[in-house]
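Got a structure for you, questions after.
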Amino acid sequence: MNIYNLKDKSTASIYTAIALLKTIKNNPQAILGLATGSTMVELYPQFTDLLRANQVDVSGVHTFNLDEYVGLEATHPQSYYTYMHERLFNQYEGWQESNIHIPNGKSDEAVDEGARYEQLLHEMGRPDIQILGIGENGHIGFNEPGTSFESTTSIVDLTPSTLHANSIHFEHADDVPKQAVSMGLSSIMRAERIILLAFGEKKIDAIRRLATGEISEELPASILHRHSNVEVIVDDVIFKALH
Ligand code: F6R
């Protein structure tokens, strides 16, 4: 695993947008694994900009998002469905709604949404690329510390640390859903290539622990040491704290 300092969020977002663009140019039927959260807010406008500039046909591309809050309608302003449509899918012609996969946070109780999503992931093949953020506690997707490395997509409980971090996006802290449907750690590891982005002071501790190389279920992101094609992209703030 290599850690690269691209100095700031903007440069890192352009780098990642170019990686996504190249993935689609190399394979117009590519499968992209996408993430949400504050880390990604500059990525999707940059990616859209490059798609426009290169007049890329994305109609054959499939996307899989990592997670969705349980209990929120897709149309809820804080749902990850809304996040992705506002920032990416509604911004460029050609994305096919039927090729956009986001876990259903409001699925019927009779449906095992985790199993449905995991099966779909397997039917489609391996994602060509997976973009990841990281939680302050080292989670990837919403796989919190202690999650089995064998985990597949399922409904997971969010820890107080994650609920607190995500509360900035909601009017009241109590409004943050307590659970999410998240791709599991073994699901994430199926991608051919992984780019993990981390910016700012709040992520220093998680990246410092990741950089030790120790592999432990207490630091979910540490599973990435077992993947042969992972880049960790950080900014100056994190890099300088580590050196
Ligand atoms: C989001 C996701 C999470 C976030 C992480 C960091 O789809 O899976 O793992 O990447 O919680 O969130 P931000 O970017 O808001 O700091």
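Numbers run from 1 along the shown chain.
Using N, Cα and C of the backbone, Cβ positions are placed for all residues, glycine too.
Positions annotated as active site, proton acceptor by TrEMBL: D67, H139. As annotated by TrEMBL, active site, for ring-opening step applies to N137, E144. The annotation domain 'Glucosamine/galactosamine-6-phosphate isomerase' is assigned in TrEMBL to 19-227.
How buried are the listed features, and what sits near them?
Residue environment of D67 (active site, proton acceptor) contains 22 other Cβ atoms, counted within 10 Å of its Cβ in all protein chains.
N137 (active site, for ring-opening step) counts 19 other C-beta atoms within 10 Å of its own C-beta, drawing on all protein chains shown.
Proximity of H139 (active site, proton acceptor) to non-local residues of its own chain (separation of 6 or more, Cβ distance below 8 Å) is seen for P145, T147, T159, T162, P220, A221, given in sequence order. In this structure, H139 (active site, proton acceptor) belongs to neither helix nor strand by DSSP; it is coil.
Residues within less than 8 Å, Cβ to Cβ, of E144 (active site, for ring-opening step) and separated from it by at least 6 positions along the same chain comprise G135, N137, V156, D157, L158, T159, T162, P220. Look at E144 (active site, for ring-opening step): DSSP puts it in coil.
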